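Student: Swiss-Prot lists these features:
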ACT_SITE  HIS87  active site, charge relay system
ACT_SITE  ASP145  active site, charge relay system
ACT_SITE  SER239  active site, charge relay system
DISULFID  CYS72-CYS88  disulfide bond
DISULFID  CYS210-CYS223  disulfide bond
DISULFID  CYS235-CYS264  disulfide bond
DOMAIN    21-287  domain 'Peptidase S1'
REGION    27-56  region 'Disordered'
SIGNAL    1-20  signal peptide
Amino acid sequence: MFASKLAVCSALALLAVAHAAPGGNDIQKITKAPNVPTKAEGDAASKASAPAIPPKPVNERFPHAVLFGGTCGGTIISPTWILTAGHCTLFTGGRYILAGTNNTDNPNAVTRHVKRQVIHPLFSVGPYWLDADDFNIKQVAARWDFLLAELSEPLPLDGKLMAAAKLDDQPSLPVGLNVGFGGYGTDHFGGTMRSEMHGMELAVQSDEVCSTLEQYNSKDMLCVKGRPPRFDSACNGDSGSGLVDETGRVIGVASWVENDAHSCFNGALVVFSRVASVRDWIKKVTNI
């Protein structure tokens, strides 16, 4: 996700029961058959009185998500490989990743250095260096926005705090598919990265809807939109984050957002680079 001016180096553009008391008279003469709750009513009562299960921390919902280079997200696809966005190399060297945590200040987080980066051979990006107002630019898009980063040593994957996402290989996805991502991007346009990982809930949109964005190309892109009631989106610093379905399969890499040269807003269309379109390239580079 890109901002309107080059000076925004620190944040990449892209690309949140009461149980009923008995009556006052506990001893009553029964003059008619008591009301026996139905099974459905009994189940409902049991659920109402059961203690609420607290939601999982965001990093346990997205154990494959990492902080890449301090200004982007990324996805663990093996103990030694991270998948992120090619444009994340424009403003940062991407020399390290942070994994296994919900907070960048956590001393128990796992850090690994990046020893090699491989950018997709067809990667290209729009004119992010131009003033968006002067040139009437709505959003800056990227094509084939993929980067593979090889780590200096393996991550200790445990399946709970750190896990490798499965790679999508499906040529098409059902419209309305529930998907999401975890990242550290800013909560407003031009802001700074957040220390707490946030989780976003979205749904896959049709190519017809996505094509309202003139730079959209279904060959290497897919787009999503936030689900109600929050209508989540993405903002500066969410670039590179992995879009996953409910089975933990990574289907996209966060690339750019509707009107991202000017603003971040709930309900915006978010464009991800389509992982299935580069499945063979990933295998060639990583043997995964």
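Backbone N, Cα and C define each Cβ position, glycine as well.
Tell me what's around each of these sites.
Tutor: The Cβ neighbour count for HIS87 (active site, charge relay system), using a 10 Å radius and every protein chain shown, is 31.
Taking the Cβ of ASP145 (active site, charge relay system) as reference, residues of its chain lying under 8 Å away and at least six apart in sequence are, in sequence order, ALA85, GLY86, HIS87, HIS120, PHE123, VAL125, ASP220, VAL253, SER255, TRP256, SER273.
DSSP gives SER239 (active site, charge relay system) a coil state; it is part of no helix or strand.
CYS88 (disulfide bond) carries a helical DSSP state (H, G or I).
The secondary structure of CYS210 (disulfide bond), as reduced to three states from DSSP, is helical. Every protein chain considered, the tally of other Cβ atoms within 10 Å of the Cβ of CYS210 (disulfide bond) stands at 21.
According to its DSSP assignment, CYS264 (disulfide bond) is coil.
The average per-residue pLDDT of the prediction over the domain 'Peptidase S1' (21-287) is 89, rounded to a whole number.
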Student: Sort out for me which one of CYS72, CYS223, CYS264 has the most neighbouring CB atoms within 10 A, since those are the disulfide-bonded residues we care about.
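Tutor: When each Cβ's neighbours within 10 Å are tallied, CYS72 tops the list.
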Student: Determine the most Cβ-crowded residue among the recorded positions CYS88, CYS235, SER239, using a 10 Å radius around each Cβ and all protein chains in the structure.
Tutor: SER239
Student: Near SER239 (active site, charge relay system), which disulfide-bonded residues out of CYS72, CYS88, CYS223, CYS264 have their CA within 10 Å?
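Tutor: Correct set: CYS72, CYS88.
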Student: I need the CA-to-CA distance for CYS223 (disulfide bond) versus CYS235 (disulfide bond), whole Å please.
Tutor: 15
Student: To the nearest Å, how far is the Cα of CYS72 (disulfide bond) from the Cα of CYS210 (disulfide bond)?
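Tutor: Counting only the Cα atoms, the answer is 23 Å.
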Student: What is the separation, in Å, between the Cα atoms of CYS235 (disulfide bond) and CYS88 (disulfide bond)?
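Tutor: CYS235 (disulfide bond) to CYS88 (disulfide bond), Cα-Cα distance: 14 Å.
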